[in-house]
Amino acid sequence: MTQMTDAKSGIITEEMKFVANEEGMDVETLKNLIAKGYVVIPKNVNRNTKPVGIGDNLRTKVNVNLGTSPDFVDIACELKKVEISNKYGADAIMDLSTGGNLPEIRKEIIKNTNLPIGTVPIYEVGVDAKQKYGRVIDMDEDLIFNVIERQAKEGVDFMTLHCGITKQTVNALNNDPRKMGVVSRGGAFLTAYIMYHDRENPLYKEFDYLLELLKEHDVTLSLGDGMRPGCLQDNTDRAQIQELITLGELVDKCREQGVQVMVEGPGHVPYNNIEANMKIQKTVCKNAPFYVLGPIVTDLAPGYDHITAAIGGTLAAVSGANFLCYVTPAEHVRLMKEDDVKEGLIASKIAAQAADVAKGHSIAWKLEKEMADARIKHDWDRQFEIALDSDKPRKMREEIPSKDEKACSVCGDYCALLMVEELGKR
C-alpha cells in the first residue's frame, strides 16, 4: 500500500492527519488531493520519516542538497550540513554523494535526521560501474535496478530518476543543438549510455518494473529533468519540452499503479519565461507536484546564485511550483561548505515565504502578522523567534547596540515608531 492507494480507497492515514494539521487544512481535502496525484507525502515504509506534504494548496517546500564528491569526502562535514538543515527549517534533504563509501554516508545521513531523504540512484550506479568496469557508460540494467532496490530498502523516501531521457529525447537534442548541451549529471550518464550503446534508457524501457520496486516501499518517484537548460540561451528548447512530454506520460502510468510521483523542472530560465514554464508543466503533467532548481534568472552571478535562484524561485512558486530545491552561493564554483548550506537554505525559504504570501496562504500571513505585532511592541526577542534565521539578526543587533533598548542603532532617538508612539500617549 502507498499513501496514494490508501487515498484512492478512502483511507485516511496517520501521515495524512499529520500533514493536514501542519498545513491547517481539512484532512478529507488533503486525501482527495493525494488520490488525484496533486499532492505527495514522501515517506518510505521502512523509515520513521516526518510526514511532509508537497503539492497544490500546501505551503511551498524547500529541499537541501548535500553530499560528497570525488575531490572531497568528509562525513563529519556532511553531518554538519544535515544539522544546519534540521535547525533552519529544511523540508527535505537530498544526498547527492559521489565520493567515498556511498552506502555508509547515506546511512549516517538517514540516521541524523527525520526529514524526508531523497537520492539520485544513478550516481551510485555510475560510481559502481566506473569501479567495476572502468567507465560509467558500461553500467547495465541489473546494476541500475539493484541500486534502486537497495536504496529503497534502506529507507530513501524519494528518488530522482531520469526516466524521460529516451532515444527520442536524445534525437531532439541532436537535431536542435544547445549552447551548453546536457548539464544534468544523471541526465548525462544516461544520454551517454544511449548514444554509445544505441540502446533505450533502462529506466524508461523497464518503467513498469521500476514502479513495482518503488510501490513496494512507497518511495515517491521524482521524475528528473535530464534535459534542463544549463544557461539562459537553452531555456524551453525542443529537448526540454520533448522530455517533459514523456514525463507527462509517465505521470499517468505512476497514478494508474498508485505510485506517488512529482516532476522536476528547469534550472536556468529568464524571468519573463518562468511563468510559462510552470504553466506548461502543470498542464502537460496534469498538476503533478512540481520540483524546481531555482530557477536561476541570470548566469552572471557566480558566488551569488542563492540570490538569482531565490528571485526565480519566488515567481516559480507563485506560478505553480510546489517544491524549491535550494541553490547555494557555491553553485557553479565548488562543493558547498556548511555556511553555503545555511545561506542557500535561508534564501530559498525567503522565496517560499514570499510566494506563499502572494498566494494568500493563511499560515504565511499569520507569521507576517506576528512579525508586525512584535515590531509594533518593540519586542526584539519575539522578532528574532519568528525570523527565518534568528541567529544572524540577533548577532547584528548586538554588534552595534542602541542606547534605547526599544530602538535600533539606525535611528536611535529618532525612531519613527517611538516618536509617534510617544505623541499618542499625550
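Placed from the backbone N, Cα and C atoms, the Cβ positions cover glycine too.
In sequence order, H162, G224, D225, G226, M227, R228 make up the list of same-chain residues 6 or more apart from S184 (substrate binding site) whose Cβ falls under 8 Å from its Cβ. Annotation comment: Swiss-Prot describes N65, M94, Y123, H162, S184, R185, G186, D225, G226, M227, R228, E264, Y291 as substrate binding site, evidence class sequence analysis.
Look at Swiss-Prot and you will find H268, H332 tagged as Zn(2+) binding site, backed by sequence analysis. Other C-beta atoms found within 10 angstroms of the C-beta of H332 (Zn(2+) binding site) number 14, with every protein chain shown included.
Around the Cβ of C408 ([4Fe-4S] cluster binding site), 16 further Cβ atoms fall within 10 Å across all displayed protein chains. The secondary structure of C408 ([4Fe-4S] cluster binding site), as reduced to three states from DSSP, is coil rather than helix or strand. Here Swiss-Prot flags C408, C411, C415 as [4Fe-4S] cluster binding site.
According to DSSP, Y123 (substrate binding site) is assigned to a helical segment.
Around the Cβ of Y123 (substrate binding site), the number of neighbouring Cβ atoms within 10 Å comes to 21.
A gap of 41 Å separates the Cα atoms of C411 ([4Fe-4S] cluster binding site) and H268 (Zn(2+) binding site). Between Y291 (substrate binding site) and H268 (Zn(2+) binding site), the C-alpha separation comes to 14 Å. Looking at H268 (Zn(2+) binding site) and N65 (substrate binding site), their Cα atoms lie 17 Å from each other.
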